[in-house]
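Quick one: the structure is below, and I'll ask about it shortly.
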């Protein structure tokens, strides 16, 4: 079985690994990964890697399960020898609001979810309500190299190649194509639901910051209010979500907005040294596109599994989506097996 995965962000690499781990013991797989960007130049490398879905219920109820599966998978690795290389760690902190809001659907997934006390709220005088919980961080700059190493150990080949069409890959001999091209998926097949959600972050040295602080303002929308997420070596400052903006250059205006708002939220950051600044595009869609489809090119056909449109929560949902993609791959194998069986003469 010849399999080509297009895309080498967290979705592409994790999907490739999940499928290879599950099916290579029972079905010889010749797997290749094509991408024009590999770590450290993917959107996943820009992400702080904090596990937290959006606050609102997803349109597709399956996404709740995929988020849960990802958290459980990562939590099972938290004390493993691989945790450090994966960039995986526990982190506690705050979600802050101007006024009371309903509890999120993931309140029973994270650890120790509770409402903030009046004394805790005194620490954040600009906010009137909040939550505290323990979650996970999974830093893409570590996790993607770890996934890549696991795949190469299994004999998966990675190629720096820009794919122009599914037909090009199909005519190259692929039996199954797995489309994990993120925000660029529309270049392979029109998808009017897919848009870039531009984000910009500042990375600082602030080792005294131990807790995440995420603020939320419904008037501004998701990711447009300040957030602070400590990592293993640096702290990520953010607060930009610009739908439809394809500008990949860092913006001075956005830099100033992020810096001022984060320093107001946590005044000690004024003393932090800025060590990096990055811009990336979240693949925004009304819901994740995770489905299989057969495409025909003349007399030939190829099976395609689409897995893209994860917005700003790709690392939060990636393993659950990889497991579902593997389920779809298993159905393709079963269908191909049945199609090869001789017809019954009973």
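Quick reminder: no glycine exception, Cβ is built from N, Cα and C everywhere.
Pulled from Swiss-Prot, these are the listed features:
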BINDING   8-11, 36-37, 42-44, 48-49, 162-163, 181, 282, 311-312, 314-316  FAD binding site
BINDING   52, 282, 312  D-dopa binding site
BINDING   223, 227, 282, 312  D-serine binding site
BINDING   227, 282, 312  D-proline binding site
REGION    1-16  region 'Required for protein stability'
List every residue in the same chain as residue 227 (D-serine binding site), at least 6 positions away in sequence, whose Cβ is under 8 Å from its Cβ.
212, 213, 214, 215, 236, 237, 238, 239, 262
Reported as an integer number of Å, what is the Cα distance between residue 52 (D-dopa binding site) and residue 315 (FAD binding site)?
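Computed Cα spacing between residue 52 (D-dopa binding site) and residue 315 (FAD binding site) is 9 Å.
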Could you round the CA separation between residue 48 (FAD binding site) and residue 223 (D-serine binding site) to a whole angstrom and send it over?
13
Near residue 223 (D-serine binding site), how many other Cβ atoms are within 10 Å of its Cβ?
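The answer is 20.
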Calculate the distance in Å between the alpha carbons (Cα) of residue 11 (FAD binding site) and residue 312 (D-dopa binding site), and round it to a whole number.
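Checking the Cα atoms of residue 11 (FAD binding site) and residue 312 (D-dopa binding site) gives a distance of 12 Å.
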Rank aside, I only need the closest one: which of the binding-site residues 42, 282, 312 has its C-alpha nearest to that of residue 223 (D-serine binding site)?
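Nearest candidate: 312.
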Kindly assign residue 227 (D-serine binding site) to one of the three DSSP-derived states: helix, strand or coil.
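DSSP assigns residue 227 (D-serine binding site) to strand.
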Compile a sequence-ordered list of residues in the same chain as residue 315 (FAD binding site), six or more apart from it, whose Cβ lies below 8 A from its Cβ; state 'none' when nothing qualifies.
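Listed in sequence order, they are 10, 44, 47, 49, 50, 51, 138, 140, 143.
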